[in-house]
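Taken from Swiss-Prot as is:
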- 155: active site (ACT_SITE)
- 176: active site (ACT_SITE)
- 194: active site, proton acceptor (ACT_SITE)
- 261: active site (ACT_SITE)
- 170, 171, 172, 173, 174, 175, 176, 177: ATP binding site (BINDING)
- 177, 220: Mg(2+) binding site (BINDING)
- 282-287: region 'Important for the catalytic mechanism of dephosphorylation' (REGION)
């Protein structure tokens, strides 16, 4: 199966969205507003952050002003310890003339009220956090990495089977949702059905799957209708997100197609440029796809943690028997 490799990436987010969302998702950060400005007017265009040491000192030739500006102990103490108030105001005025998204003061640091007023006049939001610069940078970078990551929505079902993220794909009507439902009934977890949103952060080779926020954890079963999986099976049956580790493609049985029987020739596919193992499963009456998906997950775990592949073990055993019999035959002659 060929997947669309062209992901979608956000060009920017508003500072208002940044503040509201990160406040909900990252409780440790606990950002607080220092001034009141229209946060909708400011936008963040980059996932990287900036410590503006040289820019505060007046060197702005290479100033990456489109990034969120982090004021740690060094920056705040530099400004607070300038004896000449006029010089301090001049340097900060030179700083805020750029269209900066926002300023974040870490470690509960404070700026003189005159500098906060300058930022307010320039319509630059200023926030404060009790977190250290290291912790704040880690949390904010992780959040922005997620916001500016490449993503794409695919048709299929995403399930967590024995801790392995399995993406079920295939043409409509093959029973992907029914297989996912059966897996949930057997104690596994549903991540998404019908519309699976897959993200790739930066240059990472990890793909994270989530549900479509509109469809949520609703599932359509042909002949039955829409089922609320969370309401029916409880919180244990759903997962907020899961790494995509194996792709299982359900296919119509075709007598002219040669399907893999031994597993020596491992297939793979690519999603957003990341290579993933692919298992193609032909659909036949009486075939228990649910149990096969469980075995697919167990085989993945065996290979990852024990480097054990059943087909290779069987091939090695047969080769040893053949070589042994050949040696005995040559000895008899």
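Yeah, the Cβs are placed from backbone N, Cα and C, and that goes for glycine too.
Counting every protein chain shown, the number of other Cβ atoms lying within 10 Å of the Cβ of residue 175 (ATP binding site) is 18. Here the Cα atom of residue 175 (ATP binding site) is found 11 Å from that of residue 194 (active site, proton acceptor). Distance from the CA of residue 220 (Mg(2+) binding site) to the CA of residue 177 (ATP binding site) is 7 Å. Same-chain residues with CB within 8 A of the center of the 170, 171, 172, 173, 174, 175, 176, 177 CB atoms, the ATP site residues themselves not counted, are 250.
Using residue 170 (ATP binding site) as the reference Cα, a 10 A cut-off selects 155, 176 from the recorded positions 155, 176, 194, 220. Every protein chain considered, the tally of other Cβ atoms within 10 Å of the Cβ of residue 220 (Mg(2+) binding site) stands at 12. Most other Cβ atoms within 10 A: among the binding-site residues 170, 173, that distinction falls to 170. The predicted model assigns the region 'Important for the catalytic mechanism of dephosphorylation' (282-287) a mean pLDDT of 77. Neighbour density for residue 155 (active site): within 10 A of its CB lie 12 other CB atoms from the protein chains shown.
Compared over the recorded positions 171, 176, the count of CB atoms lying within 10 A of a residue's CB peaks at 176. In the three-state DSSP scheme, residue 171 (ATP binding site) is classed as coil.
Across the structure, residue 155 (active site) and residue 173 (ATP binding site) place their CA atoms 12 angstrom apart.
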